[in-house]
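Since the structure comes first, as structure tokens, the remarks are kept for the end.
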Amino acid sequence: MANARTPLIAGNWKMNQDHQEAIHLVQKLAWALKDGKHDYSAVEVTVLAPFTDLRSVQTLVDADKLELSYGAQDVSQHVSGAYTGEISPVFLAKLGAKYVAVGHSERRQYHGEDDALVNAKSKAALAHGLVPIICVGEALEVRKAGDQVAHTLAQVDGALDGLSAEDASKVVIAYEPVWAIGTGEVATPQDAQEVAGAIRARLAELYSSEVADAVRVLYGGSVKSGTIAELMKETDVDGALVGGASLDAEEFAKIARYQAHAGA
Ligand SMILES: O=C[C@H](O)COP(=O)(O)O
């Protein structure tokens, strides 16, 4: 169903691509999108690169006046100071980053990030002009127990706690069932819609229908060019957070051109 939200296709490179490889990948992606006459106003495309790549990506995007945006995969909840190893949202904003992933399941699993930290990071991002892509989603045991909606909505509640309606309307929420990440197990479009629809309904309850209508809800988990079109037909799926397939420029550009191969 048509809505006012511009779809977003975001590539999460994870810990891949050094700063030289990043230049090559962005060039290849920009060419592939150009070859496909990609209309960025119809489908926004962004890449979430390792911190060490951002300066290279910025230089290339600026020099070639690319419409592609870029961002990071994590951010500190602090602005500056004695936080060894952390990266400030101010630094990211200064490098022209637009988005930052917050609370990715790999951060939650390997770095113990909880909803309170995801909330603090989201607030820090927003305070410095970055758009947090807040990642939520259930593990396999939770899905087997049929608790995916309740589990995911609890993560949404935690991430948004204390955010104003104005700030909440700016965020992107990525529903990524953990069992579908990097496994080749893509959720069915109906699975994605069930939870994406519940997230939007929760936004309406917590804020208003205006906020619910403004927020883009992405699906993530083994998305490929062959599966994206069906996912995008779902009312509440506004794009994808793509991991492995975003490292292949042609494949990622094809995902961004889902309308062409959907016959839509
Ligand atoms: O952030 C992206 C997700 O973790 C999905 O990764 P994947 O497409 O490799 O399954």
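Note: Cβ is positioned from N, Cα and C throughout, glycine not excepted.
The Cβ of His104 (active site, electrophile) lies under 8 Å from the Cβ of Asn12, Gln73, Asp74, Cys135, Glu176, each on the same chain and at least six residues away in sequence. Following the DSSP three-state reduction, the secondary structure of His104 (active site, electrophile) is coil. If you look up TrEMBL, you'll see His104 marked as active site, electrophile.
Taken from TrEMBL, the feature active site, proton acceptor applies to Glu176.
Contacts of Gly243 (substrate binding site) defined by a Cβ separation under 8 A and a same-chain sequence distance of 6+ are given as Gly11, Asn12, Lys14, Ile181, Gly182, Gly220, Ser222, in order along the sequence. DSSP gives Gly243 (substrate binding site) a coil state; it is part of no helix or strand. Look at TrEMBL and you will find Asn12, Trp13, Lys14, Gly182, Ser222, Gly243, Gly244 tagged as substrate binding site.
Taking the binding-site residues Gly182, Gly244 in turn, the residue surrounded by the fewest other Cβ atoms inside 10 Å of its Cβ turns out to be Gly182.
Within the same chain, the residues at least 6 positions away from Trp13 (substrate binding site) whose Cβ sits under 8 Å from its Cβ are Ala22, Leu25, Val47, Leu48, Ala49, Pro50, Asp53, Gln73, Ser246, Leu247, listed in sequence order.
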